Amino acid sequence: MEQPPAPKSKLKKLSEDSLTKQPEEVFDVLEKLGEGSYGSVFKAIHKESGQVVAIKQVPVESDLQEIIKEISIMQQCDSPYVVKYYGSYFKNTDLWIVMEYCGAGSVSDIIRLRNKTLIEDEIATILKSTLKGLEYLHFMRKIHRDIKAGNILLNTEGHAKLADFGVAGQLTDTMAKRNTVIGTPFWMAPEVIQEIGYNCVADIWSLGITSIEMAEGKPPYADIHPMRAIFMIPTNPPPTFRKPELWSDDFTDFVKKCLVKNPEQRATATQLLQHPFIKNAKPVSILRDLITEAMEIKAKRHEEQQRELEEEEENSDEDELDSHTMVKTSVESVGTMRATSTMSEGAQTMIEHNSTMLESDLGTMVINSEDEEEEDGTMKRNATSPQVQRPSFMDYFDKQDFKNKSHENCNQNMHEPFPMSKNVFPDNWKVPQDGDFDFLKNLSLEELQMRLKALDPMMEREIEELRQRYTAKRQPILDAMDAKKRRQQNF
């Protein structure tokens, strides 16, 4: 693969002159890197400086308000630990957002490409840069709201940078607390799920989950339905490693300090930078070998894919003659970066399997559309609903609603998805908010068995209530959007 020329000068911001030209006059687009929030991401070269950049191309029918918010947040940031923003263009029906290029891809990409989880030294080094990025954002009164391995990018030197601000938010004096569910369910803080308002330390919980993800290859609860996960995260004790004995006391304590359920008692980014696990982190040079290995694997797979495409073109005539016996499997055979759904018990080795995790496949950002069978990146958005910014797991609520309606059509006696009285569970059966379960010791065996038997229907009822609350909030927005579209069509 031909290497880009060395940069003539470091690009800091696009000049006014550059911004008045067509983007093709300013950049040479080289290749597609993957899918980001709202659009496709491409690798390109800035002709004047020779610098490699990333360009996100966003269709204008996407939610422009959300895109403008993302650009606004990026534009205000000037930190070596946050992906830089250079400028934007409108080209035909697309908005081009020019950003800093991180050649090694996301931490999630690297884990999948190498089929290996990370060791403690690598995790500590990545976390140190990530915490510096969070410290900067939080000082600027910004919440990222979607911290995970898929949104931590590495450049070829090993410097980690925060990316994908599609759901980030600005804290203001008039809106110091948020009460909307935004993010990806497995990484979400309990207070975010409970919609009781949250602030910057919600990112710290997500960082703790990301630490486990880097160590074990997936976040806690990844093997269960996301709807169940959002019930379990606020009610269960904070998650920890599946095999705590494999990890040092410092690392275990760091994760424990991130995963404190009470946000008022949770450590801040500044405090965590003083934690022994982070203070003893090694320099970024220790990441170079794993980055080189991942990039070599990626290049090899790209070459294999190109070779297979060429072979398919050569054999296309034969395929047409014998179309009933030919089955194309190019995507499957190339083995592009797929999210893994299960982990082997072997030390630090991740094995790829077919999806056993419904449709989430740990997809970072949003679940794929139904017609996509393979995931080729770590930053996917649902192609069927680009207009509305909403958490990924809410797709399951829509499916549950559809399923309930199907039951109504099949059986007129099944009108309620959960046929139970609201008062079937006494108030004292509710899970304590402080997570103190000592009271269970005083219950009889029969009471414990009854409580255990009641948990599933209780959970299903609470999930249904959450779905109904979300639908009640979402429908007026959709109605207003439809009304605006109809008015625009009348012009």
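Backbone N, Cα and C define each Cβ position, glycine as well.
The N-acetylmethionine annotation in Swiss-Prot covers MET1.
What Swiss-Prot records for SER15 (among others) is phosphoserine, and it gives experimental evidence as the kind of evidence. Around SER15 (phosphoserine), there are no C-beta neighbours below 8 angstroms that are at least 6 residues distant in the chain.
Per-residue confidence over the domain 'Protein kinase' (27-278) averages out at a pLDDT of 87. Among the features that Swiss-Prot reports, domain 'Protein kinase' is placed at 27-278.
The local packing around GLY39 (ATP binding site), expressed as other Cβ atoms within 10 Å of its Cβ over all shown chains, amounts to 21. GLY39 (ATP binding site) falls within a strand segment according to DSSP. For LEU33, GLY34, GLU35, GLY36, SER37, TYR38, GLY39, SER40, VAL41, LYS56, the entry in Swiss-Prot reads ATP binding site.
Summarising the annotation, Swiss-Prot assigns phosphothreonine to THR117 (among others). In the structure as shown, the Cβ atom of THR117 (phosphothreonine) sits within 10 Å of 19 other Cβ atoms.
The Mg(2+) binding site annotation in Swiss-Prot covers ASN151, ASP164 and is backed by experimental evidence. Under the three-state DSSP scheme, ASP164 (Mg(2+) binding site) falls in the coil class.
The phosphothreonine annotation in Swiss-Prot covers THR174 (among others), and the record cites experimental evidence as its basis.
Feature annotation from Swiss-Prot assigns phosphothreonine to THR180 (among others).
The annotation phosphoserine is assigned in Swiss-Prot to SER316 (among others) on the grounds of a large-scale study or a structure entry. In the shown protein chains, 11 other C-beta atoms lie within 10 A of the C-beta of SER316 (phosphoserine). Annotation note: SER316 (phosphoserine) sits in a helical segment as assigned by DSSP.
According to Swiss-Prot, the feature phosphothreonine maps to THR336 (among others), an assignment based on experimental evidence.
Marked as phosphothreonine by Swiss-Prot: THR378 (among others).
Swiss-Prot lists 381-390 with the feature compositional bias 'Polar residues'.
Residues annotated as phosphothreonine in Swiss-Prot: THR384 (among others).
Residues or ranges marked as phosphoserine by Swiss-Prot on the basis of a large-scale study or a structure entry: SER385 (among others).
Taking DSSP states H, G and I as helix and E and B as strand, the domain 'SARAH' (437-484) has 45 helix, 0 strand, 3 coil. Here Swiss-Prot flags 437-484 as domain 'SARAH', drawing on sequence analysis.
When other Cβ atoms within 10 Å of the Cβ of SER444 (phosphoserine) are tallied across all protein chains shown, the result is 8. For SER444 (among others), the entry in Swiss-Prot reads phosphoserine, with the evidence type a large-scale study or a structure entry.
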Binding-site residues compared (GLU35, ASP164) - the one with the fewest other Cβ atoms within 10 Å: GLU35
LEU33 (ATP binding site) and SER316 (phosphoserine), Cα-Cα, nearest whole angstrom: 27
Nearest of the recorded positions (THR117, ASN151, ASP164, SER444) to GLY39 (ATP binding site) - Cα to Cα: ASP164
Binding-site residues compared (LEU33, VAL41, ASN151) - highest count of Cβ atoms within 10 Å: ASN151
Closest of LEU33, GLU35, VAL41, ASN151, ASP164 to SER444 (phosphoserine), Cα positions, binding-site residues only: ASN151
